[in-house]
Structures are given as C-alpha cells and as structure tokens.
Amino acid sequence: MLKIFNTLTSTKEIFTPIKKNRVNLYVCGVTVYDFCHIGHGRTFVVFDMIVRYLRFSGFQVKYVRNITDIDDKIISKSTKEKKKINTFTASMIKEMHKDFDLLGISVPDEEPRVTDYIDNIIRIITTLIKKKHAYIHKNGDVIFSIDSDPNYGTLSRQSLTSLESGSRIPLNNMKKNPLDFILWKSSNKEEYSWDSPWGKGRPGWHIECSAITNVFFNNSIDIHGGGSDLLFPHHENERSQSICFNNKSMINFWMHTGMVILNNKKMSKSLGNVYFLRNILKDCDAEVLRYFFLSTHYRHPIYYCEKNLDQAYTSLKYLYTALYDTNPFFNNEEGLNFELEFYNAMNDDFNTPAVFSIFFKIARKINFLKNKDILKTNKFAFRLKYLANNLGFLFQDPKEFLQKKTTLNLLTLKEIQLLIEKRNIARQSKLWQEADNIRKKLMSLDIILEDLPDKTIWRKNKKS
C-alpha cells in the first residue's frame, strides 16, 4: 500500500488514484534561459524515480512536464546573445535534454511548451475576469485578486492576514493587494507578444501551469510536483487560480523536493553559488550524481560537497563490485524477500535511502556466495540488478564502471598541485600562516598532505 506525503495536508496519505491503476502526474519544468543546474537535476531525478516505480508497480502513468519558453529572463538573455527567442529557446531545450539524458532521466510522455498554449491561457484568464477573480489595469495587464479566494494560502499553510502583514511588496497603483499577481503582462514588442482581448501581451508565469494541466488532464491530477522553492508563491498561485477557474480542486497530492545546500547556503543565482549539471558531469560519473540525489530522502535538503559525492561513488562501487564477474540475467525467485523489503521501503513515501540499504544487503549476500555457489550468486545478482534497474541504476558494465575516473573533484589535480607548490614557496619564505591556510583549505576537501624530505605528497582522506 503506497503512502505519499501530501504537502497540502502535511501528512502521509494512502495513495488512491482518481482512476484505478492510472496516474496523472504533472511536474513544473524548466524555464529555459540558461543551462540546467544541480537543483533541476535533483528534482527531475526524483520524479523520474517516482514515475519508474509507479510503472514498476503496475500503474499506467501519464507524465507531463512543461517547458517555460517565454518570460523576462528569456527575453533578456536572448536579446543579450542577439538571437531570436525561438532560436534561443530551441537551443536551450536541446542542451537541457542532453543533461537529462546523461542522468538517465526519461523523457516525459508530454513536454508542452507554454507558447503553444496561448489560446488556452487567454480562455482561462477570460473566465477568471468574468468570475471577478481577476481585474484589468488600464495599461492592459490582467491581475489576479487573491482576496477573491478565501482559501488562498492553504497549500503553503499561511493565512492571508499573515501574508499581507509580512509582505515586502510595495503597494502600487496597479494592484489592489500587494500580493495580487500578473496573469497577462502587456507588451508592445511584436516578437514577445500575442493578441488578446486586453491588447498585446504575454502570459504571467503562474497561469501557464494551470492552462497546461487543464489541457492535458482537464485538471484531474493525481500528483503535482516540483521543487520546494516553488511552493510559494508559484504553486499557491497556481492552485488558487485553478480552483477559481474550475470551482473545485482536482489535484489530490502535492509533492515537493528539498533544496540543494552548498556550503550551508541554499543554492541561488543571487548568491552566485549555482552549479551547472554539465560542469559537474565533466568530472563526475552521471550515475554517481544520480545516486547522490537519491541518497537523501526526496523531501529533505541535500548537502552538495565532494565528500558526499565520494560516498555516493563508494556505495555504487560496492554494488558494481558485487556484480562483477557474475551473470545476472537469469530470472528466478531467489531473493524475493529482498524484493518485498524493496516494495515496503518504496511504498513508504519513496524511501530511497532505505532502498539503498536493501541493495547493500543483497550485495553482501552475493559477496558471501561468490566462490561457494555460482548459481545462487547469479540468482541474487539478478535480483539486485532487476530492482536497481527499475530505479535507473546498475545499467553499466561493472568492469567499465570500476575502471572509470570516479568522482567530482572540486579542485582538479592541476589545481591541487599548484596549491601544494604555492604552499612550498610560502614555507621556504617562512610565511607559516599562509602555508597553514593552504593546508587547512586542502584538509577541508579531504586532501591530506605529507611532507617528505624532498617533496610534498597528498592523498584522499577515505576515513572521513
């Protein structure tokens, strides 16, 4: 019996699909103004895992993940690069797919682009105006009135009063309430606008998802997902306008992934600590990064550092070492007790850390049986590979994986050597504090120095 944590109720609930054995799943996708970063990777690996498991469990899943291909950031970036928007977004979408393919993220059943659904967006906005949930400013902007929805704030568990009192958004002559948000943004630039009853313009961010879910699911959604950074205001606004349009909510479960933490700070472009997936994957095996993403429960923050990537590599190395020199392609009933444990862990809100511990138990069994009973060894190897494959793991040839360069180095070998040389120069100049600071910096990255009579050598600290 599958239980999923529902953000709306803040409880784990038994998952019962709206239609038996069918799951409608929608995830907010990427705004394609730049390359995908580690936060995108974490969220979409998580929902890829969820889709894989639901299908493994016998559900027919319709998975839709949108692409936002028009907004202010896209306009700014395409203008800066002197490219037409369609050309720019097409290239960014292509790069997104490259990154996701490397991580083993399956292509959704549908990947709608916002600009293909402008008519649907206009239709919903028109209805919201008629129902007095939205108003038109004289400049052509259409704005949603949060005061028209008495349940606004329910998803993020915030009252309208507290939101208004805590708002730092200055009241302007456009909005009746500082928290009101744009449904349609007026624009006279031909390339960036569409005709509407209110004049030329383009859609606001929040209305896009409401329109797309209406088209593909008629707002009948079992699971709606995204990163926790989208909970407020994006998902709150999306939920509010969708309910006001339909007169009811047809989203059963809201799911949110935890933030990526870098140096004890959440990842943010404003903080300048964004790590692009493609840069990480230059030095890190993609399966190691995927394992890292799922080594922490999806709802919890995940701490990105070299040490944790090393741990992910070490874990995968153990599993591949167990599979090495086995023939895991013989379907059998050996190890079904482990499969039951696997189901129990996954049915507990997709508890992947518990699943990984089950994989280790099977691997230990394989290692124990090696050189004792090759037939049983292969049977348990099949069970390990079968279960892991269904979450996107252990597809590589064990020998090839074990021979690869293993994990991300935040410092390259050349950079490490340059720091050691800089430290040696400082020591020769008796700049002891500078030399010690370099040593401490390397230690913080689990690099241990050893000073010999004629040189300094280094090694990774594998005990940490």
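Each residue, glycine too, has its Cβ placed from N, Cα and C.
Annotated features, as they stand in Swiss-Prot:
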type	residues	note
BINDING	CYS28, CYS209, HIS234, GLU238	Zn(2+) binding site
MOTIF	30-40	motif ''HIGH' region'
MOTIF	266-270	motif ''KMSKS' region'
BINDING	LYS269	ATP binding site
Tertiary neighbours of CYS209 (Zn(2+) binding site) (same chain, Cβ under 8 Å, six or more apart): TYR26, CYS28, ASN66, HIS234, GLU238
DSSP helix/strand/coil residue counts for the motif ''HIGH' region' (30-40): 3 helix, 2 strand, 6 coil
All-chain count of other Cβ atoms within 10 Å of HIS234 (Zn(2+) binding site): 18
CYS28 (Zn(2+) binding site), number of other Cβ atoms within 10 Å: 21
Where GLU238 (Zn(2+) binding site) sits in the secondary structure, as DSSP reduces it to three classes: helix
GLU238 (Zn(2+) binding site) CB neighbourhood, other CB atoms within 10 A: 23
Environment of CYS28, CYS209, HIS234, GLU238, the listed Zn(2+) site - residues of the same chain whose CB lies within 8 A of the CB centroid: TRP205, HIS206, GLU208, SER210, GLY226, LEU230, HIS235, ASN237
DSSP three-state assignment for CYS28 (Zn(2+) binding site): coil
